[in-house]
Structure formats: C-alpha cells, structure tokens
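Okay, handing you the structure first.
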Amino acid sequence: MSERKIPKEVIEEVERLREEIEYHNYRYYVLNDPVITDEEYDKLMRRLIELERMYPELVTPDSPTQRVGGKVLEGFKTVKHSVPMLSLDNTYNEEEILEFDRRVKKTLQEAEVEYVAELKIDGVSIALRYENGKFVLGATRGDGIEGEDVSENVKTVRSIPLRLRKPVTVEVRGEIYMPVDEFKRLNDEREEEGLPPFANPRNAAAGTLRQLNTALVAARRLDSFIYYVVHPENYGLKTQWEALQFLKELGFKVNPHSKLCKNIQEVIDYWREWEERKKELDYWVDGVVVKVNRFDFQRILGETSKAPRWAIAFKFPAEQARTRVLDVTIQVGRTGVLTPVAELEPVQLAGTIVKRASLHNFEYIREKDIRIGDYVFVEKAGGIIPQIVKSIPELRTGSEKEIKPPDKCPVCGGKVGKLDPEEVALRCLNPHCPAKLKRALRTLVSREALDIEGLGEKLIDRLVDAGLVKDIADIFYLTPFDLAQLGPGIGQRTIAKILQEIEEAKKRPLHKLITGLGIPMVGQKTAKILAEHFKSLEAIADASYETLKDIPGIGPEIAKSIVEYFRNPKTREIIEKLKKAGVKLEERVMKLDILKGLTFAVTGTLKNFTREEIVEFFEKLGAKVVNSVSRNTDYLIVGENPGSKYEKAKMLKVKTMSEEEFLEFVRKRAELKGYNFDEIMRSWKEWS
C-alpha cells in the first residue's frame, strides 16, 4: 500500500500555524508582551492539533503541540557534555570579592576589568543543544561531565524555544526554575494531597525535571533564563555582554536585570541593590554571579578542575534565625489533611517577625527530631514561607516533649488516618468535619473568587459552628433571621450589607466561581481558560477527560483532577443548589462594538492595565490590536517610558493619546452608541 499524498495546502498551513504559535509563545513567555488574546491563541493551537491528528505523519519533535506533555518515560539516558559544566566558587563578603578582583587584575596585568553581574537564579542548571535552529537535547548538569537527557520535560517549559529565530547550530546553558507563586501553589496542593512539600524552589524544579510523566511537568509551569553560549567564538562573540544580546536575538529568555559593570565597585553596588530588592522578583535568587566580560581574558584566566577562575558567585547572607518551639497546634485543611504548626518565640527573620512555622507532617517532625521546647533554626523557604530546618539537640535540658500524632481530629474528634498507605500526611476521615467546610468557604469568598468581604474568617466560623451552613452553596440561602441568630455584633445594617454582597456575588463572572470551588490544580488562570472554553459550569462538569486534556493550558493532570472533582455526587448536588439559588453558572460574554473598525498599538507602561489586559480590553470592545506601528494604525496609546513605537508614530503621523485620553475617548464613543461607560468598566474589572 502506497503512502497517502498530503495536500500541499495542508503542509503549508501546518508550517504557518507552527511559526505563528511559536511567535506568540515568544511574545508571551519571553517578552511578556502578548499581542493576541488567550482565546485566539487557543484557536490556533486547536487547529494545529486537529491537522496533526488528521495527518500524524506531519508531527515533528519541534511542533508546539509536543509541549503539552502526556508521555510517560521509562527513564533518563546519560549524556556526556560537549564541554564540562563547572560549578562556581562562592564568596559571602565584600572583602573576598575585592580579593577576587585583585587576583584577576594581577593575572591580566590590567588596572581595571569589566565584569558582567547576573542574578544567581536558585534553580537547576541545564544544557540545551540546537541543530540548524531546532531543539535536539536538554541535559541536566549531573556531575559536570555527564548529565541526564531530560529533553521531553524541557519541551514543556514554554520560555525555551523549540525553534530558534535563526537557523544556527549552537549549545547554550542556563537555569530552569520554579516561580515563587507556582512553588507556593504546588506546596499547598501537595499538603492538601498528603504529600511532603518541597523544601525550596530549587528542589521543586529539580524534582519536577526528573518526573517520568511529562504531563505532570507541564502542569507545574517551570520557567527559564539562559546566560551562556558554548564556544562563543564560533559566532563572532567577544564578550559575555555580547553573548547575552546574541541569546536574546535567538529567542531565549535572558534575565533583564543583568548589568555590565566597569569595575568591581559597580559589582558591589549591584549586589547591595539586589540584596535589598530581591523580594520584588517572582523567582528566588541567592546571590550574584560575577563574570569577567571579555572572552580573551577568560581564556587567559582559565579554570580549575571544578570552577572557572574568571567567575565567582557572590552569595547573599543566609536568611536564618534561631528561636524556640513553644507549642504545636494542628490545622485541618480543606481536604482534611492535618498540618502541625510550630508556635515559636517571636524572632526577626528577613524583615518580618515570625511567630509560627509549618511542620508539614508528622513524618517531617520525626526525621528532623523536633520537640516542644527545642531550640531550632528557622528560614524562609523560597524567601516566603517560614519553616524549621533543624533542631539543636545540644541545647536540650531534658524538659522537652516529643510531638506525637493525634489519634483523633482536633476539631471534630473524628477518626484520623491515611487515604493511601503511600501518603505521609494524616487526614480527618469525617466527611462532615466543620474545619474542612470552613477552609472551603474561605476559598469561595476570597477576593480572587466571589469576593464577599462581609463573610470574614470569624463570621464563617460562627455560621458553621451554629449549623447554619453545611456546604458552600448554603451561603446563598442565608436569611436576615439566620444572621441575627449569631448574636451581638451583627446589627441590622451589617446583616443588610452582607446579604447585599452575597446577592452581588451571584452575578460574578464564571471564572471567579470556578476559582472559588477550590478544584485541586485549578487556579485563577486555569479557571479563565475553562470559562472561556466551555461558557458554563454545567458544560465543564459534563466534559470528558479526553476533551479536557486537549485544551491548551489544561493537559492530562489538571484534566484528571477536574473529572474526579465533578464525578463526586456531592459536587453535583452543590451545583444544583447554586443554580436554584440564582448563582450565575454561565460566562457573561463581554463583546461590544465601541471600537469596531479601529486599529490600536500600545507603547510604554500603563497604570490601569497590564499588557495582557489592555489587549483583552481592546478585543472586548471590538478593536484590532497590532504590535508594530504602521500607516494602517489608527491610534498609539502612550504609557510611561515609551519605546521606539512612539518615534515611529510621530514619523508616520499616527495619532497618539495618553492612557487617560484613551479612556475618555472610549467614554465618548460608548455614549454615542448608547452604552454606559461606568457599567462597561465595572463589568471589565469584574471579568478581569
């Protein structure tokens, strides 16, 4: 049987879709400057998936569809590095960095030496190889000589291109890391599932990269920064600074905070600045990497068997403090997981007073040998979450008490145990435990979800304790009489305000409700994807695993979690109660024609919108958004610190307006078409 002939137009469309999707991946994940909406991106991806299903012989390793994961690997092959991946020597003080500078200048016989200062990302070192611009290998550092081939997992990292912007054969190196928000989300999820949390973002990134299930890797949203070109002389590069610009041109994500320093004092100033500012970042850094800028100087300086002599890691001080464990309390999570929490003698740590630290689970307590009364070292995992890293047995007096697992739930007195023998966490097994319900209600009424400000933590506790709320849907059935029963402090005005907020919450956008349901692995971004795709909660509840897993941004692991959540009869009962209470279960489509027929571009930073939000706002009002200014552009919106688009707009005589002028322009156009501008902005804020 002869091979079937694939129509030429299909081959051309597949190639065009791949190029277009990779371009939009680059805009979104590398430049953080998207030019299309999520809905438009999903449409492109769905079309490519459809064509590759029809013509599987067209699937290639560098297709964007290969990023979503789904393979289960048997193991990782060992690969030899083309050039050893050396580690760095460390220094922790300014005197040692000055000594490093003196050694460098003495060897080179130079009065001053230029350095490149780069933030030291707390992640996993990675080597990436490309042939004719196509990704062929991703390998971990390993022992520096050999590493593991983790190519399939690397493909799931959206900021790492599968095709370069130039068809070069090159090997580069960098860091794969886990953003702080993702680290926190993952650890919260692991604790809810009874799994041990990761100690820090580096461990989380390393553990994720070594997963055999690529779908799980894709679900964890790793990111990257690339900073090194192997054999830079092959590309005419003479300095590290030139190499960073070259990496940007190829389409890699390069850390925007790297700095070219004229001398070592500028390096020290840079280190001091980022030691103060590091908490502004959405990734964890533990110091500054200092590199001699010129490659000819690097070759003269050479390296030892372990580390280069032309670079050093200038580490930030460890954020650790010593304190004492006064007591241990136990929290009950939304899924019943019992989390022991150490009550500490207050101690100053990384700019805040720390009084409590999670002990994660009783296995963690046993391994660390932590007791009530112990002196312990506390640090902030990933710079955010206080945790005990070790006890100090040498300081024990004999009065310390062992911390024993409870034999019943501290809240309801119900039976405790494990759902699975592999679990490390204990759970309350009582399905009616009020602590579970309280946590679920806090998620539902939070600002990110239905935003019912009047239902604070204390009031939720009182409602559950009084038996007035038995599941999350019950808050929509509360009456003035119910609230009045809660006793003093709840007056008529407060009751009216709470009921008004609950009534308004019924009209919130669908993605806010989905966020509030607390579906495992479904955060705000995934909730928006689901709402835009299905348009109703009932459609999501009825969706099959096969349908869900193929939606861009969902994937197999999240799909499995969604299906399991809606398979529960109690969930179906809650949806029915929400519907009867008048809670909006459909997505309100905000699509107006106020700016129909107009083309806009944006430059600079806006006050009221992120770049992604302004693109969505234009789309919702019927406008077309472009990334570059041309004679076909009607208006350029100019924010703070505008770029080259502003000069081009002036040259082409394209009309420009400030953000304030733009909003006034929308107001006038809305009124002309019979729309209420304030209502539009209110609806937009609710939706976004």
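The count begins at 1 with the first shown residue.
Using the three backbone atoms N, Cα and C, a Cβ is placed for every residue, glycine included.
What you see is a predicted model, and the numbers here were worked out from it, not measured in a lab.
Got these off Swiss-Prot a minute ago, pasting:
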type	residues	note
ACT_SITE	K120	active site, N6-AMP-lysine intermediate
BINDING	D38, E39, E40, Y41, D42, S87, L88, E118, R141, E175, K291, K315	NAD(+) binding site
BINDING	C409, C412, C428, C433	Zn(2+) binding site
DOMAIN	590-679	domain 'BRCT'
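Could you place the listed features in the three-dimensional structure?
Non-local contacts of K120 (active site, N6-AMP-lysine intermediate) by the CB criterion (under 8 A, 6+ apart in sequence, same chain) comprise V285, D286, G287, V288, V289, A313, K315.
Neighbour count (other Cβ atoms within 10 Å of the Cβ, all protein chains): 18 for L88 (NAD(+) binding site).
Here C412 (Zn(2+) binding site) comes close to C428, N430, H432, C433, P434, A435: these same-chain residues lie at least six apart in sequence, with C-beta atoms under 8 angstroms from its C-beta.
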Sorry to bug you, but what's the C-alpha spacing from C409 (Zn(2+) binding site) to D42 (NAD(+) binding site), rounded to the closest Å?
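Cα-Cα, rounded: 45 Å.
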Return the count of C-beta atoms lying within 10 angstroms of the C-beta of C428 (Zn(2+) binding site), excluding that atom itself.
27
Can you tell which of R141, K291 has the most other C-beta atoms within 10 Å, given these are the binding-site residues?
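Highest number of other Cβ atoms within 10 Å: K291.
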How would DSSP class L88 (NAD(+) binding site) in three states?
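It is coil.
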Looking at the binding-site residues E40, L88, R141, K291, which has the shortest Cα distance to C409 (Zn(2+) binding site)?
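Looking at Cα distances from C409 (Zn(2+) binding site), the smallest one goes to R141.
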Taking the centroid of the Cβ atoms of C409, C412, C428, C433 (Zn(2+) site), which other same-chain residues have Cβ within 8 Å of it?
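Same chain, not in C409, C412, C428, C433, Cβ within 8 Å: V332, G336, K408, P410, V411, G413, G414, V416, L429, N430, P434, A435, K436.
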Considering the binding-site residues C409, C433, which residue's Cβ sits among the greatest number of other Cβ atoms within 10 Å?
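Of C409, C433, the one with the most crowded Cβ is C409.
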Between the binding-site residues E40, D42, where is the Cβ count within 10 Å the lowest?
E40
